[in-house]
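What Swiss-Prot records for 56, 57, 59 is S-palmitoyl cysteine. Residues or ranges marked as domain 'RCK N-terminal 1' by Swiss-Prot: 345-487. Marked as region 'Segment S7' by Swiss-Prot: 494-514. The feature region 'Disordered' is assigned by Swiss-Prot to 639-668, 1066-1124. Here Swiss-Prot flags 643, 850 as phosphothreonine. Taken from Swiss-Prot, the feature phosphoserine covers 645, 658, 662, 858, 862, 1101, 1104. Here Swiss-Prot flags 1100-1115 as compositional bias 'Basic and acidic residues'.
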């Protein structure tokens, strides 16, 4: 009876397949064996017959060939024999079979899209059949199943039908059918496909050898190579090892599961044991590892024999494969891999100097919440794996940031990050490196590598030294017209500082404009409240509505400010030949065209949309600017999409030039070309400007001619000048002082308006910089050290307009807190100095300027306008100073009376808000700003460099020096560009608005009357207090609202038009070219101390002293120089302290020209 029970298979009432319980496993196995051996017999029989046919017919073929040769002459007429027709038919048949075979080969080799789909589908279905086997392994080995009711059997049947078709394709494509029949994949099909058809016929299922489907895993690596997923040798090897190991393991477990659950046939299947498939997997693992716990073991004879042989092979495989797999995985780069581009999402590649500081600053600005539509993924590529802090930063931004380890100098790594499909590549520089030239060389090599791999990729790179920008022009595929940009940190940071010498606080305002800053609301009435309201403003660009077409720039600017609450400072103008240029406050001569885009200062990108949506018909009566939205009128803006915003790059296809990069666009008023008097007096043989007409120029001077000793400098009273205190030695890295001097020598200043520049520092260092400075006028050198007070007194630092403190030794110190020690010590040294007040009060160049026409003084007194200035400062605290810092946290040491927390961000500190401190880190925001709008960089460079153009850079790249040019109408036309100035409200035509007036009224009056565009206020820090304060510190307010109340001591930032007539009155004062050379010793900022009260004797005494000492400080004065008049007037010390040393210009502004009201 027990024997009978062992023979009975499970029988259900619905499916009475065998009432006797007879096993039918042999039928399933026989189907596979018959298929295999039957096919093998047919192949061998076919080959044998084919061989015999070939041997037998070999002699007959030779006889036919002989007959053909003998009868060839009789067929000279060209007719074909029937034999030829038969041969053509045979050839056609062979060709058809060959084409079918080739097609089948292509289908299984994944050379086409259909083939790749087929290969992947076969593998996927094989894994699916294996999963079905795993599911069925929980059932008995043999059971009754109805095909029409068993869902898994139906799926398995469908899979095997597909395998049968695929087997046919493989058979057709096989070059050798015998070897194909013996392949592993063929054997798998023989023992898995036929049993399924037998199952349908017998209505019963046998688990059998279906586990052989696991052997398909061996092809996993091959399929991944077909799909071009695996490319590296390590990845291919790793997948091969894993697939062979796992497939062998699963297949062996399937065999143990079959024999152990079936039992020995010769024992009448009585020694079977119920083991699940996963217990067999466990058994094989402990067997391979030779652990053998004994909890599970084989009881059947086939199982035991299999285990004996499996230990031999399995142990060898386990001992060799597992260590190799672990080694490959362990040595595999954590940040290897390749970037997978997401459809519909752009990505950029960031490389170069990748550190926690540089990446955090970049991500903070790039992913700022104000950029609400940034759909860009950031891919960092660096050859060093990130440390734990940087890795944590990447994980915090994992949705938008990925890191890959590699080098941009390796084309394979560039392919990994998909540089060819990247929207741009950004290269960061190490601002604190010891060797800036070496760092620039590294970045240039990165550019060369990237451009060599993909010439069309847009690159934005940081450069440290200005002279290294020239090397980028040597790269053939470098094209700034297509968006390639080089952000030169030396050029910009020194340009910002130079503009602060002309209008103190401007560096802070510009830095806040191109960086994204969140609005921080402060309720109490302090200077922080108004400063932070301005910090929330940024620079945006947007197309102008068609309602502005035909109006002049001042009219549109006023309308935007008054009605739309937007401040427009520049436009992108497209000339007739479609060349695009940025024009800053171009004046009333220019009319707005269709498709013109404007540059706006606003707090939100949504606000700027008002300029695009504005419709005169629909919005003319609206007073609330928030209600200005897209109306139903059919306008041109509806047809042309708005693409200019801070979040979208501007690609116009034209040239991105500075306002004066080309003289093609000229004023349409008679002031553009010099008057007849100027042309008559203009000596065409005298070079006063460089060849582009953008900067004042003089013949190269030897450095010995501009060097003065301390005693010689003390004999000359300098006033209204710029003192540059520089720390450096013979081996220090060059700062690039040319970038500081060039903005101060811009040609839109008249010669008498140029501030004299005095360098105080090591002569060994300045000799290295002199090659780039010897073409600029009004430059002097005092060898010494800025820490010596005697040197500072010798250059009259208490009478200067600005003291700049720079250091070339900042990056040679490992301790970051000590990097700025020299600059901080010099700043504190100056602030602690005391000065004598015995000279009196000098009415000289003022903090602001007063428009001409308000002062009817004589020509001799005409240069003297505006506010009164106290030159004899009693304490160094009131000296205007701007200090450059490397480490932002060191800003806390500059002001001893501030309450800034050491952890306060730089832009929130008092020294930065007051414009007395500048750090190169604020320029990091330019990378993001340039990517989203490449015209922003052009605008910033135009404002801070004084007019540097691509043409000028090409010239400097050629000669590394400015080339002198003759004064022609074309070069003089380039002088006609606006500049930044500060307008005083204490007196002059705007004095009535200074006492409680409205900023909006001042804006409109200045714009209509003088074409001056106001954009900010430089206000005393304690102006909001009801009680008077002795503090002379000021802070910056950017773009105040219309109703903002003014105070008399305010200084207004404005964009001032070039005055063509200011130079003519000066020329009328000049004498002959020989006699004027003597008077030229009296520059606009140099006053000698008289030995007597007789003022007429001063030029002669100075001339005689020059002959005796043979020291010529100013040998390059123009012929129209004039002696400066000094008037002594009493003045209250309190008022002087509030308004002194904040002078940006002493120029006369153009005559009053009323602007027509076009609104």
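Yeah, the Cβs are placed from backbone N, Cα and C, and that goes for glycine too.
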Checklist outcome for this item: Row residue 57 (S-palmitoyl cysteine), column other C-beta within 10 angstroms, all chains, value 11
Checklist entry - Restricting to the same chain and to residues at least six past its boundaries, which positions have a Cβ under 8 Å from a Cβ of the region 'Segment S7' (494-514)? => result 534-535, 537-539, 601, 722, 735-737, 739-744, 755, 801-802, 804, 806, 880, 882, 884, 907, 912-915, 918, 922-923, 925-926, 929, 936, 940-941, 943-946, 979-982, 1015-1016, 1018, 1034-1036, 1038, 1053, 1142, 1144-1145
Checklist outcome for this item: Across every protein chain in view, the count of C-beta atoms other than its own within 10 A of the C-beta of residue 56 (S-palmitoyl cysteine) is 9
Checklist entry - Using DSSP and three states only, what is residue 56 (S-palmitoyl cysteine)? => result helix
